[in-house]
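Working notes, beginning with the structure itself.
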Amino acid sequence: MWHLRMLGHLMLIFLLCEADSTCPTESNPLTVHPPEVIGEYGKTVILNCTSTELEYEEMYWRSGTTTSEKEDELDFVGWSVPLSDWHVTAKCVIKLNNSAECSKDAEITVYKNPVKVNLFPTKHTNSAVVGRPYELQCDIREVAPVKNLIVRWYINNQIIKTDSFNNTSKTPVNTFSTSKVVLRKDQHGVQLRCEAQLDFGRSGPQLPAMYATYNVSVHYAPELRNNTDNDIVDVDEGDDVTLTCEAEGNPPPVFNWTRDGVNMLENMNNLSIIQVTSNATYSCKATNYLGNITKIINVRVIPRAAAPAAMPDPGATTKKGCPLVLMPAEAVVRFGDPVSVNCSTTDVAHFEGMGWEAPFGGTGFEKSSLVTWKVENLEEWTIESKCYVNLNDSQCSVKPDITVYKNPVNVDLFPTKNIHAAVEGKPYELRCDIQEVAPVKNLIVRWYINNQIIKTDSFNNTSKTPVNTFSTWKVVLRKDQHGAQLRCEAQLEFGTSGPQLPAMYATYNVSVHYAPELRNNTDNDIVDVDEGDDVTLTCEAEGNPPPVFNWTRDGVNMLENMNNLSIIQVTSNATYSCKATNYLGNITKIINVRVIPRAAAPAAMPDPGATTKKGCPLVLMPAEAVVRFGDPVSVNCSTTDVAHFEGMGWEATFGGTGFENSSLVTWKVEKVQEWTIESKCYVTLIDSQCSVKPDITVYKTPDAVTVSLDSSPMVEGTEYKLNCDIINVAPQEKLQVKWYKGSEMVHKQRFSDPIVTPVNVSSTLMATSSRNDDRALFKCVAELHLGPKGPELVPAAESSPYTAVVYYKPQIQNCPGSYRGVEHEFHMDSLICKADGNPEPTLQWYYQGKRINASEPLTRAQSGEYTAKFVNSLGSISTTVHITIEYPPSFNCDKSYEVQADGKLQNECVPQGEPKPDIIWYKDGKQMSTPQYWRKHDSGSYSLKATNNHGTANHMLYVDVLYAPVFRKGSYTLEVTLDANVTFDCHAEGNPDPVIRWNYTSADNVMETTGGRQKNISITGATSTNAGVYVCVATNKVGSVAKAVTLVMKGKTRQFPRDIIWILIIILILITITILIVLYCSRRKKQRKYSLVSQSMPMTTKANGVQA
């Protein structure tokens, strides 16, 4: 082959000589490493480019419009390429001295593992039907490149289908795969799984598969278990009998019994018949939506002369005179679990036989001193079993004490009056509901506040079957216990000798409401302010719910409802009052503002606002007055026509003056107690009389303002109506009602009825409730807008805040999509998963479609998708959480392995553990790299150490590396003289040890001998017939090899080998051609320089044509 390689280099020299500006592929001096890159989007990869051409102008990398630093000295250039573009490219470029340019692309594949995989039935049918196609869809989200995506479908870890995709898109896409399965009834509950994995071959990255699972329920029509649809049952006359309809189906069938064609209205699979007296034909029909099946049972009565003698009344194991011993005499058994009791007698001398009588598990009469009552699945709550013994002259019996229990299915905790919050210092009652527990007399309920036990309840109910019960607790909480966790635990207790069962519990975080309180404990402050300065007053009060604030100035309502009050340019002393209110009460803080005077301009006199009736020389001061009912009022009346004046006065129902010879008269009332004021001032002149009336408005602020809900409670999404009732207010036409939600005004209403006497008025606020309205404070303010002549501060009265309670469906607030927990430590109720709702929702956990006890610790087999379901009276909401249970490493590997040399273990020893353990290999006590391919000298004992953050596991194994036979010496030729003796051997190594055999033409003087692992051939007195080829074959289970020994007799003429002659001729021709080409290139391009690198012969041509 060496002469062919030399010819290739000569051709390369010729091509380089003819090169101008192009770069033929076969002469490209660039090598890219790695030639193909597969990287994750967002990561960075490092590329290296080397050149066999040492003399060049520049070498660099180019990606899009970006280039790397240019290299002009070294024979390589590296570059770090960010994989932030799905269509990223990278090209290595070299410019040679002759201006020729070569380049080579790196193949880059950017990938993104699927974000999520979902698996669901295409027709949203939760259950499959036996024998019918059931289609599922596997959605794969945001994966790239999709052409490398493989989707595998499994049933219970058995692969059933593989899908690939032809889409050539490089960017992430959403795609899906569907699979139709036909299931059998024995596959009910089977787990279907789809795995989505990017596959880049053995040399590419081995990415983890993303998967989703779906446990499917398989429905089928009812079937009889014993395959007989017609039974005969013989019963002694007068005895009881129970008939069983052994049919099963999914959904579980509904049963219907008939007797001789007459419907018995019984719907259980068992039918109990008391004191059978006549033959009858019973029919049981089992039905579900897929079909039905009928079983016929013929009951035949065996008549007897008389009723059987009654059994003696059973006694206990301590029954005096009864020689029976029960072991155990007492047992506590979970419903559905197995139970057994041994019964033996101590009176063997008088013993005739004994047995167990029981509705299930009875033994009949046996001549044995030990009989056992045994039930595989205890599914009765009242156990009527007894052991009896027949003695020579008597019979007695004893009963075991069997307690059948069932742990609570669920525990719920909630306030009894649906009140969301407790009130400080007042009893707050909670109820703990315990569902389906038995026996309730063994139930203990413990109440806790923040893990401190407060109360314990027990129950006197003697029922043996499961019941629903409850415990209540009235607790008085303090404000510092706001947010405290209340917990009730329900636990069945059977003493120290009974089973120690886990407690079921529920929690409730309670909000504690309390009336407003002042933070600084002072209810009267003094604030000094320079005249004309601004000041902000603070009402430091707190409460739960947060209080609403109301400010007054010198007793006048300021209609400010924040805890801070800003006063601009203070000019006079005043007393401010801040009232903090919630539905539990109020507290008031007085702040006296004292003004420190400073020089100021004098205030202007106000305009008196007098009025004169045209043509009537009377002046009223004031002409208009606004007076509160019960307050004093006065109006001066004077005349401007003194020359013609004779007298004047006031006419009024009260406060009149009579006729007076005075130019100024005053109408004055100490206490206004009329709503309509009929008063006038008149004047008598020499030739006429005239009069004027003042405009008097009498007002009254409401006696009460209250807010109420038209109907209770508010439910999210429904319209509600709040009523504001204003009691005893006047005048109505001056009334304006403002509605506030918190501090925001949401509605305003004016009234136009001109009634001046006090009335009761209602204002309505209509709105659609939302969950944001829950615990919101609504109030209404009734204001009397009396115009410019009215009080400086608008008279107003406001209602106490109304706290809205809005009921709404649960809404998930905080629940992780996945969580990792530790085996035997993590349980679902330790996971923080919260939802908002009113009434407060309860959390229920489901796994594989079944509700679970969230307080039980999980095991590694219980990793998977869990459903959190939040429920209240208005609805429910669910979310899924993928739970991964972590556990320490463990090995389940063989102790020895066989592997062929240069191969991999067929069944690798991989430890179990979560997270995936790190594995370290040791040989002869020294750490080593994990073997990828096994060499023939690697056989031996190895120690494996697996570690994750939960522990360490060790395993010893022996690896036996098998390899095909190998000869120490290859084929050869052996010369021997005629009549000489010669011996040649065949020895091979291999694992297992090879079997060696010789193939040759037998002769009398040829003999085979064995020594150790080799076989020898000995020839005595060699003749011409012994000349020839002797083939040695070595074989083991890995392979077979052969070598030849050619035996040649001396004395024959030797010829010079013809192959050597031809090789020498070719060498001379190649040397001649090389010299001619070099001379030709030197003449054409003396300035060009090339560097050629050959595996066998380095050669450099310099400018002067001298070969180095």
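Please read every residue number as a count from 1 along the shown chain.
Cβ coordinates come from backbone N, Cα and C, glycine included.
Because TrEMBL annotations are produced automatically, they should be read as predictions rather than curated entries.
Here's what TrEMBL has on this protein:
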type     : residues  : note
DOMAIN   : 222-300   : domain 'Ig-like'
DOMAIN   : 400-506   : domain 'Ig-like'
DOMAIN   : 516-594   : domain 'Ig-like'
DOMAIN   : 702-783   : domain 'Ig-like'
DOMAIN   : 810-884   : domain 'Ig-like'
DOMAIN   : 965-1048  : domain 'Ig-like'
SIGNAL   : 1-19      : signal peptide
TRANSMEM : 1060-1081 : transmembrane segment
Winner by Cβ pairs under 8 Å against the domain 'Ig-like' (810-884), considering only 400-506, 516-594, 965-1048: 400-506
Secondary structure content of the domain 'Ig-like' (810-884), with strand meaning DSSP E or B: 6 helix, 42 strand, 27 coil
Integer mean pLDDT for the domain 'Ig-like' (965-1048): 88
Tally of residues which DSSP labels helix, strand or coil - the domain 'Ig-like' (400-506): 6 helix, 62 strand, 39 coil
Secondary structure composition of the domain 'Ig-like' (516-594) [DSSP: H/G/I, E/B, coil]: 0 helix, 49 strand, 30 coil
